[in-house]
């Protein structure tokens, strides 16, 4: 069942995001809003830094330099930037509101249900806009004339791969694959719910900060199955190249699918969860912790700079990996922004403030 390069990539990216998306929806329905935001940040960082960094490093180590799909890379940089800037606007808005209303000894009026209501309305508007942008980008990449017509800007390696995919016979019956996917998605939902059930126990048992748990641990655990498959494939190919008398031709086209996954999570799943919170009466604003926003802005800047020439190498991959390690190290000691935690409380802001005052005494 060949869907074309563009539509096929969209289906694969969506399926790869299924575990993280299911985890996000469960966290929303359980009203773990602050942990949900940290997990969204962690998923995006994982797919922007750790995974492409490892892929660029291993791919570049074999061939020195790899090429990216130029037309897709150009659009990806724009999509990634607009998704991160949407969060930066809300974080800057809240910071400015908090400063302007905190000139006296009284509690800042920025921490109120009225202000949170304004942020919820802005967030829902942003969510609709981001969804429209993402859907528009999909239509653009599908090439209006035909999804099967090669584009002149496509790299030569990609055209050969696509032609081979169209002519190849499927190894497994497509209907059997669809049934297997349906069963897998159902099992994914159950597994994700078990994972959420164990969150509080693990945090209290090991005294882990909520920020590190959401930014680093949950995304890595949710991606562990795909990571195992990728590592197994890499080891198998490496052994095959080492023992084979006729080594395979190195792959010149870099696979940047993980960046597509982070973009989908920013422009589709995050807005979807925001709107789902509206429909289920869960106050889920797109007001993220300032630390998380800075991490996303930094990752966006670094990835856009690395992919600017539509080429990658092992040195750039190691830089992405190193920045992810820096992110994890700083998140380990970060306790979170209390004002944002109050604004993301499932109860009213007034109730969250009262509970905070009682805990301090």
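First residue shown is number 1, and so on along the chain.
Cβ atoms here come from the backbone N, Cα and C positions, even for glycine.
Heads up, TrEMBL stuff is auto-annotated, nobody curated it.
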Annotated range (TrEMBL: transmembrane segment) out of 7-29, 99-121: 7-29
Transmembrane segment range according to TrEMBL, out of 151-171, 172-192: 172-192
Composition by DSSP (helix, strand, coil) of residues within the domain 'Sodium/calcium exchanger membrane region' (7-140): 112 helix, 3 strand, 19 coil
CB contact flag for the transmembrane segment (78-96) and the transmembrane segment (286-306), at least three pairs under 8 A: yes
Segment-segment contact (the transmembrane segment (256-280); the transmembrane segment (318-335)) at 3 or more Cβ pairs under 8 Å: no
Criterion met for the transmembrane segment (7-29) and the transmembrane segment (172-192) (at least three Cβ pairs under 8 Å): yes
Number of helical, extended and coil residues in the domain 'Sodium/calcium exchanger membrane region' (178-326), per DSSP: 114 helix, 4 strand, 31 coil
Sequence-remote partners of the transmembrane segment (318-335) [C-beta within less than 8 Å, at least six residues beyond its ends]: 45-46, 48-50, 52-54, 56-57, 209, 211-212, 215-216, 291, 295, 298-299, 302-303, 306
